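*Asks:* Here it is, the structure in full.
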Amino acid sequence: MAPDSGPFPDGQFLKLLPVDPRDRGTQRCRLGPAAFRSLGVRLGSPMRISLPAGGCCLCTAWPRRDGADGFVQLDLQCASPGAAAAAGRISMDRLQPVSCPPLRRLEVWPVLRPQAGAPSSDAVLEVSQELLRNRPVSRGHVVATPPGIPGPVAALHVVSGTPDPEPAGRVTPHTRITLSDKPPPQVEPPGEVTLGGLSETADSLRELLRLPLCYPLALAALGLAVPRGVLLAGPPGVGKTQLVRAVAREAGAELLAVSAPALQGTRPGETEENVRRVFQRAQELASRGPSLLFLDEVDALCPRRGGPQRAPESRVVAQVLTLLDGIHGDREVVVVGATNRPDELDPALRRPGRFDREVIIGTPTLKQREAILGVITSKMPISSHIDLGLLAEMTVGYVGADLTALCREAATCALLKNEKNQNNPKIEETDFLEAFKKVQPSSFRSSIGLTDIRPVGWEQIGGLEDVKLKLKQCVEWPLKFPQEFARMGLTQPKGLLLYGPPGCAKTTLVRALATSCHCSFVSVCGADLFSPFVGDSEKVLSQVFRQARANTPALVFLDEIDSVLGSRSVGSSGCDARERVLSVLLNELDGVGVRTVERRGSKASQQECQEILSRSVMIVVATNRPDVLDDALLRPGRLDKMVYVPPPDREGRLSILKVCTNNMPIGLNVSLENLAAETCYFSGADLRNLCKEAALFALQENGLEATTVEQEHFTEALKTVKPSLTLKDLTFYENLFKKELSNLEDH
């Protein structure tokens with residue numbers, strides 16, 4: 001039956017469009033009614049399609065959802081190695097219906113995903129049977145695992161079968177599937193570009209690009225203007241450029257990538273001329289097929305207008321706005337802008353009709369970092385003992401570029417360590433630990449308060465066992481065991497107040513907490529916040545929380561908070577700035593400070609963004625004067641938990657002395673028990689100072705040849721080192737602690 005050219009706008013050709021994201025992994029070929037009649041096929045009929053760019057695929061015929069003729073969409077779930085559905089036209093002669101007899105036996109060779117430990121053959125066979133169930137296959141073709149499906153198998157290469165699956169054969173529940181021992185030559189499983197942690201964002205971007213590129217006629221029939229602009233916002237190094245290139249390749253669109261700063265000219269009008277030339281080039285590419293114009297660092301080209309000094313920038317912004325408004329509806333052009341400073345863009349650029357949609361790419365989460373590390377290390381000879389999940393926990397705040405640099409540095413360390421075995425180097429866990437010392441997350445650079453802390457273990461803090469347990473229950477357990485807490489209906493406190501006498505390890509406890517939780521540590525003091533300019537302190541505090549939310553999970557530590565914040569109950573005009581800082585802190589604790597550009601993930605997860613970000617940032621404050629803090633700060637929902645850090649008792653002092661003398665050569669006549677009894681009113685800082693003074697006395701008496709610290713040296717040190725605490729101080733804090741207990745009992 002000869003094809004009828006009437007329903008086809010291009011004669012005997014069909015326009016090849018990108019696959020519908022809903023059809024990924026279904027092995028469907030979407031055709032119009034005229035193509036069904038011309039080919040003489042029915043719903044689900046197998047077809048072998050020769051692709052214009054080379055290779056072929058095996059699909060089943062399905063009708064288009066919009067019923068439009070003259071178009072075809074292919075899912076390359078089962079295709080020859082290297083096959084690609086590039087945008088363009090495809091002749092009707094390339095679509096051939098084929099017979100598909102049931103197969104009694106099928107031999108396949110599995111392509112496994114890179115992961116720690118090799119899966120068992122039974123597990124691979126079970127996954128292969130599920131992947132091939134009721135599918136038409138062809139000898140020499142590769143069946144790729146659908147996107148988003150976990151498991152050890154990335155793809156299956158069809159080796160042979162009975163009867164011979166050439167041109168096609170169907171797998172049934174009675175087909176006996178076996179695994180081949182030898183890989184076939186030139187195996188390259190088709191599939192989507194591996195984006196490592198950006199799959200969810202890529203789906204959102206694909207959805208936006210699919211409408212104007214795949215359904216222009218259907219949208220025109222509905223009288224809808226297709227989205228013509230997309231703005232990607234996110235910190236540097238998260239993969240915005242890589243994401244656009246990968247999605248354009250998958251969509252079969254011509255990509256015109258331009259760096260916006262490169263368009264800047266020196267003479268008047270040169271920048272506008274360069275911008276017009278770029279848009280004209282994108283329109284020319286659209287005449288041959290879908291076109292995607294990518295403007296990287298678009299904030300450098302279109303900054304916020306205002307003031308007579310910014311007249312040149314205003315002219316450039318006006319030119320870009322005119323060009324965006326002038327994109328013809330019949331031209332398949334999508335403009336994508338990328339920026340890490342969305343607030344610096346001119347507001348007119350972000351209205352509907354220009355950059356219609358905004359896709360926010362945040363700092364990678366734990367699961368995303370693990371996926372990125374899996375992609376980066378897939379072609380690296382890493383040891384089987386390396387746990388990528390543990391590496392992901394240790395890389396809080398790292399973006400994709402940082403993780404790439406970390407793996408590259410680890411490979412360099414392995415190469416230098418194994419100079420004699422350069423032909424077969426192996427990357428061990430120690431190489432990554434060395435790389436951590438050299439590669440810091442880019443989000444930590446030039447950031448207020450973000451601190452690279454020296455690891456502090458709980459065992460390095462003597463005594464305070466009850467305080468340690470409370471801190472673990474409030475902060476560490478909710479982060480490490482979220483499912484158990486959710487099962488019991490427990491939520492993580494938003495804030496924690498540590499109060500007690502000075503020198504009792506409040507700051508050290510917070511550092512140990514950040515070390516055990518593997519989270520970002522943001523330490524802020526009064527010098528970081530206060531500024532002589534009105535409103536500057538509030539802006540800095542908001543920026544601190546914004547940076548913490550960008551590097552979640554994060555621990556924000558405000559030390560000596562009584563010197564930073566004011567109390568509104570004290571009617572002093574000199575506290576105006578401190579009261580404004582207090583107001584900003586209360587808003588941040590309540591989640592009011594979460595901005596739109598801090599959204600992450602899909603639409604469903606964006607609705608829960610405020611709650612998630614607020615829960616992922618824990619604030620810990622420390623003070624010696626909790627009585628001067630504002631009552632609104634201490635209510636439940638803000639600083640939920642108040643933990644009293646008492647001065648060490650006799651057992652606590654003994655534990656602290658053991659920690660302080662752990663690396664000190666003390667003599668056999670030194671009695672730490674007696675020292676603990678003689679050091680009443682000594683804080684932890686006083687005891688550490690006492691041990692240092694004793695060691696100095698040993699050096700003074702015996703010279704540089706001194707080998708031990710004796711009891712008499714500690715006795716001399718006790719004469720010079722005096723306790724920093726008094727009975728009056730202890731009474732003051734004990735009364736505060738009793739008052740807190742009485743308040744809890746009243747509630």
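From the backbone N, Cα and C atoms, a Cβ is placed for every residue, glycine too.
Residues or ranges marked as N-acetylmethionine by Swiss-Prot: Met1. Annotation source Swiss-Prot lists ATP 1 binding site at Gly234, Pro235, Pro236, Gly237, Val238, Gly239, Lys240, Thr241, citing sequence analysis. Among the features that Swiss-Prot reports, ATP 2 binding site is placed at Gly500, Pro501, Pro502, Gly503, Cys504, Ala505, Lys506, Thr507.
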*Asks:* When the number of other CB atoms within 10 A of each residue's CB is tallied over all shown chains, which of the binding-site residues Pro236, Gly237, Gly239, Pro501, Gly503 has the maximum?
*Replies:* Gly239
*Asks:* For the ATP 2 site (Gly500, Pro501, Pro502, Gly503, Cys504, Ala505, Lys506, Thr507), what does the 8 A shell look like? I mean other same-chain residues with CB within 8 A of the CB centroid.
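*Replies:* Leaving out the recorded residues gives Ala622, Asn624, Val645, Ser683, Gly684, Ala685.
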*Asks:* Can you check what DSSP calls Gly503 (ATP 2 binding site), collapsed to helix, strand or coil?
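*Replies:* Once the DSSP labels are grouped into three classes, Gly503 (ATP 2 binding site) ends up as coil.
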*Asks:* Are there any residues at least 6 positions away along the chain from Pro235 (ATP 1 binding site) with a Cβ closer than 8 Å to its Cβ? List them or say none.
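*Replies:* Spatial neighbours, sequence-distant, of Pro235 (ATP 1 binding site): Asn340, Gly362, Thr363, Val399, Ser442, Ser443, Ala550.
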*Asks:* In whole Å, how far is Pro502 (ATP 2 binding site) from Thr241 (ATP 1 binding site) when you measure between their Cα atoms?
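*Replies:* With distance taken Cα to Cα, Pro502 (ATP 2 binding site) is 50 Å from Thr241 (ATP 1 binding site).
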*Asks:* Using a Cβ-Cβ cut-off under 8 angstroms and a sequence gap of six or more, which residues of the chain neighbour Gly234 (ATP 1 binding site)?
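*Replies:* Lys240, Asn340, Ile360, Ile361, Gly362 - these are the non-local Cβ neighbours of Gly234 (ATP 1 binding site), listed in sequence order.
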*Asks:* Between Gly503 (ATP 2 binding site) and Gly237 (ATP 1 binding site), find the distance joining the two CA atoms and give it rounded to the nearest Å.
*Replies:* 41
*Asks:* For the ATP 1 site given as Gly234, Pro235, Pro236, Gly237, Val238, Gly239, Lys240, Thr241, which other residues of the same chain have their Cβ within 8 Å of the site's Cβ centre?
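*Replies:* Once Gly234, Pro235, Pro236, Gly237, Val238, Gly239, Lys240, Thr241 are set aside, the remaining close residues are Ala338, Asn340, Ile361, Val399, Gly400, Ala401.
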*Asks:* At the level of the C-alpha atoms, what whole-angstrom distance separates Pro501 (ATP 2 binding site) and Gly239 (ATP 1 binding site)?
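*Replies:* Checking the Cα atoms of Pro501 (ATP 2 binding site) and Gly239 (ATP 1 binding site) gives a distance of 48 Å.
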*Asks:* Would you kindly give the Cα-Cα distance separating Gly237 (ATP 1 binding site) and Lys506 (ATP 2 binding site), rounded to the nearest Å?
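*Replies:* Rounded to a whole number, the Cα-Cα distance is 36 Å.
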